[in-house]
Amino acid sequence: MGPVRTALDAMARRWAGMPRGARVALVVLLAAFFYVLPLVRPPVVTTQQIDFGGVMFGIAAFALVAVGLNIVIGYAGLLDLGYVGFYAVGAYTTGVLTSYQFHWSFFAALPVAIVVTMITGVLLGAPTLRVRGDYLAIVTLGFGEIIRLAVTNVEWVGAAAGIKDIPHPPNIGPDPEPPFGTGGLFTIPSLSWDGLVPSVDTGRETPFLVFGAVSAIPYYWLVLTVLILVLVADRLVKDSRVGRAWEATREDEDAAELMGVPTFRFKLLAFALGAAIGGLSGALYASSQGGYINPQSFPLLLSILFVAAVIVGGAGNRWGAVLGGALVAYLPERFREFSDFRLLVFGLALMILPVYRPQGLLPPRRTIRARAAQEEIDELEGRESAQKEVL
Amino acid sequence: MGERTKVLEVDDVTLRFGGLTALDSVSLHIDEGEILGMIGPNGAGKTTAFNVITGVYRPTSGQVRFLGDPLTGLKRHAITKRGIARTFQNIRLFGAMTALENVLVGTDVHHSAGVVSALFRTPRHRREEAEGHEAAMELLEFMGLASRADELASNLPYGDQRRLEIARAMATGPRLLCLDEPAAGFNPQEKAQLMDLIRRVRDRGFTVLLIEHDMRLVMGVTDRIVVLEFGKKIADGTPAEIRDDPAVIAAYLGVDEDAS
């Protein structure tokens, strides 16, 4: 773990030292890389036993959730153990509006789902954000369960059977005509690999842009695009009075209040924005390839995995959240050959990581700098005591 | 010299915690532009009085008026916005934020740009960020901390942390700046520098309430002193008057029984 840790830190430090233009170029390249990744299907990385496009969709969706939860946990320091509740509210709002009760289109339902989830966040936050720390964790834990039990028992939202036939996002270009017409403006072939030799695989084509059963990749592209937009928004908000107020509240709530920060209002804002992103992810999930949700889609375990993603990645750093979310979604799929043991391996990985990397894989710059300073101090003290010994 | 504006008036304030009377009908006032010292032995109620003034505690009876208006019913952050800022006896900086960011939080008191402004980088957001940044850097300069602006507050040496707290409080643009034992943990030389700093803060037009343990520091820097003992005000006057006040001498040195 030592070398990994050093390498990650070195990467983070080099990143901080790069000129702005280079950083923008690198981010654009990185984004392009991720757009084509499921088409390139590089060996080793690609999952063999399960559709790689679908796995990439899961990764992007999990990363999006982690970025949203990072606002709540990482920035504002509020431990939310019921985040799956917001995810469920977003998914169910979409399901009800587009399929179960009404027949709206996906893009009409999406903003409503976001707003409804945001309001849910405010309704949950307004009474509960007055309690702190552990108590907030317990209250939010209850919230996640309440939502799940509520949708299990309310007929109007499908009860235990759930909601099926949730429409996909609209296609670009002609619709597919089964059995042979793939639809879309054109199709993009994937690569397949024989060892390290790539070849074009015409049997595995992605129609651009059809959200259907043929390929999961268009769903992935949609979520990836949303993720990028959310990351930009996250950066703009964090780097402002709002972000400072969140951090001050997290660091010392009383001191922040006495420095004129209306801490309650800002905590509520973090909760509402986090909820909105959770709802957005839920809506995307509901209209994904399966088009089916039921109460079992939103177990407590999912909340815990969301929190694990943020913590493993590095709470307070948006790139850490992305990486954490990606890992939590990817590892169990990559190691499917371990079949039932894969969750054991995954659990072990989650246990080992915090031991060797307590601040997460990509900690925010503050912890990197704090540690650098501490090492410097240790070194100086070491030198001093060594001198004393000599004397 | 004419009558000066009273920045703060504490009017017959009593504060009880259960059976304990922490403040017993205390009245005092602070004039604009002065440095008022508040002293007293340990447990005299200095910090309690301080907390009543800054709105942390609500008085059981009596009234605190700031610039003529009562503070009752105002939230703590609203009191800061009105113009009372403070530092803490045990330093309470935002450790994981840089020195500059700490001061920026102070300047943000008078800013109003929210999420939408930040998302679209509106002119208001830009103007507020630029103003805040300039004001914060100027304050760090004044405190001699400009070269440390980008360091994390928790990494600063102790003395710098104390000064950063004062800078953060000043950044809120207070009409009354309350310093709670700012010299705690300082050596004599650092204390002398701090006295000089507090005078310069006053010269910038700030009104200062100084709670302090160290008699020499208080005598050297304040215009007027209020002495508390067991929650009661026992003296109020210039440093020279306080020095010769028998009640104060008794409170501080105890009545010398051997001499009698």
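For all residues, glycine too, the Cβ spot is worked out from N, Cα and C.
The transmembrane segment annotation in TrEMBL covers A:21-40 (among others).
Listed as Cβ neighbours of the transmembrane segment (A:52-74) (distance under 8 Å, sequence separation of 6 or more from its ends, same chain) are residues 37-38, 41, 46, 80, 83, 87, 206, 215-217, 219-220, 223-224, 226-227, 230-231, 234, 246, 270-271, 273-278, 280-281, 284-285, 288-289, 305-307, 309-311, 313-318, 320-326, 328-330, 333-334, 364. Positions annotated as transmembrane segment by TrEMBL: A:52-74 (among others).
Within the same chain, residues 65, 68-69, 72, 106, 108-110, 112-114, 116-117, 120-121, 124, 137-148, 151, 156-158, 162-167, 274-275, 278-283, 285-287, 293, 297-300, 302-304, 306-307 sit at least 6 positions outside the transmembrane segment (A:81-100) and bring their C-beta atoms closer than 8 Å to a C-beta of that stretch. Marked as transmembrane segment by TrEMBL: A:81-100 (among others).
Using a Cβ-Cβ cut-off under 8 Å and counting only residues 6 or more beyond its ends in the same chain, the transmembrane segment (A:106-126) has close neighbours at 85-86, 89-91, 93-94, 97-98, 140, 143, 167-170, 267-268, 271-276, 278-280, 282-283, 287. What TrEMBL lists as transmembrane segment is A:106-126 (among others).
What TrEMBL lists as transmembrane segment is A:208-233 (among others). Here the transmembrane segment (A:208-233) has long-range neighbours at 31, 34-35, 38-39, 51, 53-54, 56-57, 60-61, 63-64, 67-68, 168-173, 175-176, 182-188, 277, 280, 284, 288-289, 318, 322, meaning same-chain residues at least 6 beyond its ends whose C-beta is under 8 angstroms from one of its own.
Taken from TrEMBL, the feature transmembrane segment covers A:268-286 (among others). Within its own chain, the transmembrane segment (A:268-286) is flanked in space by residues 61, 64-65, 67-69, 71-72, 75-76, 78, 80, 83, 86-95, 109-110, 113-118, 120-122, 124-126, 129, 163, 166, 219, 222-223, 226, 230, 237, 242, 246, 293, 297, which lie at least six positions past its ends and keep a Cβ under 8 Å from the stretch.
The transmembrane segment feature in TrEMBL is assigned to A:298-319 (among others).
The transmembrane segment annotation in TrEMBL covers A:339-356 (among others).
Outside the transmembrane segment (A:298-319), and at least 6 residues removed from its termini, the chain residues within Cβ reach (under 8 Å) are 62-63, 65-67, 69-70, 73-75, 79-85, 87-88, 91, 141, 144-145, 147-148, 151, 231, 234-235, 238, 325, 327-329, 350, 353-354, 359-367.
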